[in-house]
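Trainee: Mind having a look at this structure? Questions to follow.
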Amino acid sequence: MTPAVTQTILTVRIARPHGYGYVLLSRGFSALNRPPPNYPGHIPLTTIERGALAVGSAIGSLLNPRRGDLIAALGEATATPYFIYRLRDAMLSDPTGRRILRDRPRISSKTLSIEYLRSLPPNTVGRTYVGWLDREGVGPDTRAPVQYIDDEECAYVMQRYRECHDFYHAITGLPVVVEGEVALKTFEFANTLLPMTGLSMFAVMRLKPAERERFWKLHLPWAIRSGLASKEVINVYWEEQLERDANELREELGIEKPADLREIRKMMRRQKAAEEAAKAKDGQ
């Protein structure tokens, strides 16, 4: 006799926006009964699956902060049900944010002409952006598509945040080293409230003692001060700001430019080399 196949159904209660609040909807999941995707590439998750994804990606990204795929998964797993809706609502309440949601622009090498950006005058936003890309050895095509956010519009909001991240780097001048990433993520947390950006602060534990001290004394106060004081950076239509003066845009947004971290690190290395050379000379 063929054994009966037992199917276990998990009922998930998820928050959906409704008017000025949220309503809870029940959704049945099983290995044989998964809802269809809401947009290309969408992967619906149960509450248990989302929790496992959040925990696993958090641990993995802490062990290896350079794993962008894990950081992206952590961002999506922890953004719902509230935080990504808050960010979407911030866009809806702003005229430029509403235009972005309507136009759905994407940032990639197909939508931005890198050669044109290199031709712009120094200190324009576009020239600053491409100069930062060249200096850090990265490109605009490294952002993975959103998969785990159920609401299609909110998925775009997360994609937009993700693709604008390098503009945040460029406008602040922070490099892609772990110290710079943690500083920028702290700024983003104060500005966007996305949990992943706040959780990224745990990567401070992986910094060297001197870097950790520099974060607490220099980067953290700057990030909180600028993140809270500045306008919502998700509402910047970067594609329309490329020819503007970068200092003018920073002033308009209320972003204080931090100390040049790469120059600080170079200075510290030179100082350490000089001290070691002096010790070696004294030992002769």
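Cβ atoms here come from the backbone N, Cα and C positions, even for glycine.
Copying in the features that Swiss-Prot gives for the protein in this structure:
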BINDING   His165, Asp166, His169, Glu181  Zn(2+) binding site
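What does the local environment look like for each feature on the list?
Mentor: When other Cβ atoms within 10 Å of the Cβ of Asp166 (Zn(2+) binding site) are tallied across all protein chains shown, the result is 21. When secondary structure is read from DSSP and collapsed to three states, Asp166 (Zn(2+) binding site) falls in the helix class.
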Trainee: Including all protein chains displayed, how many Cβ atoms other than that of Glu181 (Zn(2+) binding site) lie within 10 Å of its Cβ?
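Mentor: Excluding its own Cβ, Glu181 (Zn(2+) binding site) sees 19 Cβ atoms within 10 Å.
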Trainee: Across all the protein chains here, work out how many other Cβ atoms are within 10 Å of the Cβ of His165 (Zn(2+) binding site).
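Mentor: So the number of other Cβ atoms within 10 Å of His165 (Zn(2+) binding site) is 19.
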Trainee: What is the number of other Cβ atoms found within 10 Å of the Cβ of His169 (Zn(2+) binding site)?
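Mentor: The Cβ of His169 (Zn(2+) binding site) has 20 Cβ neighbours within 10 Å.
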